[in-house]
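Take a look at the structure below.
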Amino acid sequence: MKLFVHLSIFFSILFITLPSSYSCTENDKNALLQIKKALGNPPLLSSWNPRTDCCTGWTGVECTNRRVTGLSVTSGEVSGQISYQIGDLVDLRTLDFSYLPHLTGNIPRTITKLKNLNTLYLKHTSLSGPIPDYISELKSLTFLDLSFNQFTGPIPGSLSQMPKLEAIQINDNKLTGSIPNSFGSFVGNVPNLYLSNNKLSGKIPESLSKYDFNAVDLSGNGFEGDAFMFFGRNKTTVRVDLSRNMFNFDLVKVKFARSIVSLDLSQNHIYGKIPPALTKLHLEHFNVSDNHLCGKIPSGGLLQTFEPSAFAHNICLCGTPLKAC
């Protein structure tokens, strides 16, 4: 009986002292604790207790085979910066620091050590400085969302060198300059472009015309000139928003893809007539207000179903839903 008790105690102690196949590594735990410290030890991360397993019960932490593969810190009272030790979580696949208005500083260069990262969400924060060129070293990245921050400077041309990227989502920042010429040479996927509400300007590179973008949103900038490169009868584009810019082209010359369901060209310097081809589209959203358009609105299709405000403030547009010609 005594032997049985001693053996039971021995194996119990042995089981406790052996590392669990589910527990995180010391390297990952230490990196997480340094990240927590850099974020000001917020109450949001109170479950990150150094005496417990970081793969079990730590808020926002996901693990696979004892390694941290997902980290999500969102919607909390966080005051601090992204620790350079984020790069020590080398198996990370998803990183989400979003809706953190007091998260400041830059994107640390050590993020380039995350070679397996496929999802990066850094949105609705106070991150600032330029979007670094080295972010293009994340070749596995599929989803990139840097929207609603305080980023300044130009769009890095190196973003075109990310072969798996499905969208360039850098809207609602303070970016300046023009669309890089390198965007005419994407090395892999043709990503959706979400560049709205920045301080971008200049003409769109003609080289973009060879691409079939699914969605383009350049609204709320200072772009000028033509925008033919986003259109084409044989393309499969679904959504185009060029509103609140200074685009200047003849609308009747534009060849529209039959796939377009949302088209906003309002508040530009677009002239000419509304082409009859627009009556063939299954539009859910349409706006050409505040331009220099003239002539009768083509009848048929869905154009007459939109509010008069979608056509308002042009030079001499007429016909339903506006006044008769």
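From the backbone N, Cα and C atoms, a Cβ is placed for every residue, glycine too.
If you look up Swiss-Prot, you'll see 65-88 marked as repeat 'LRR 1'. What Swiss-Prot records for 89-114 is repeat 'LRR 2'. The feature repeat 'LRR 3' is assigned by Swiss-Prot to 115-140. Taken from Swiss-Prot, the feature repeat 'LRR 4' applies to 142-162, supported by sequence analysis. Residues or ranges marked as repeat 'LRR 5' by Swiss-Prot: 163-185. The annotation repeat 'LRR 6' is assigned in Swiss-Prot to 187-211. As annotated by Swiss-Prot, repeat 'LRR 7' applies to 213-233, with the evidence given as sequence analysis. What Swiss-Prot lists as repeat 'LRR 8' is 234-256, and the listing cites sequence analysis. Sequence annotations record features per position, and here Swiss-Prot assigns repeat 'LRR 9' to 257-280 based on sequence analysis. Among the features that Swiss-Prot reports, repeat 'LRR 10' is placed at 281-305.
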DSSP composition of the repeat 'LRR 4' (142-162), residue counts helix/strand/coil, works out to 5 helix, 7 strand, 9 coil
Per the Cβ under 8 Å criterion, with at least 6 residues separating them from its ends, the repeat 'LRR 2' (89-114) contacts 28, 31-32, 39, 60, 62, 64, 67-83, 120-129, 131-132, 134-135, 137-138, 145
Long-range CB partners for the repeat 'LRR 7' (213-233) (under 8 A, at least six residues beyond its ends), listed in sequence order, are 167, 171, 190, 192-207, 239-249, 253-258, 264
*Do at least three C-beta pairs under 8 angstroms join the repeat 'LRR 4' (142-162) to the repeat 'LRR 6' (187-211), pairs 6 or more apart in sequence?*
yes
The recorded stretch from 65-88, 115-140, 163-185, 187-211, 234-256 sharing the largest number of CB pairs under 8 A with the repeat 'LRR 10' (281-305) is 234-256
Per the Cβ filter (under 8 Å) with a sequence gap of at least 6 from its ends, the repeat 'LRR 5' (163-185) is approached by 118, 123, 131, 139-157, 191-208, 210, 215, 217
On average, residues of the repeat 'LRR 10' (281-305) score a pLDDT of 96
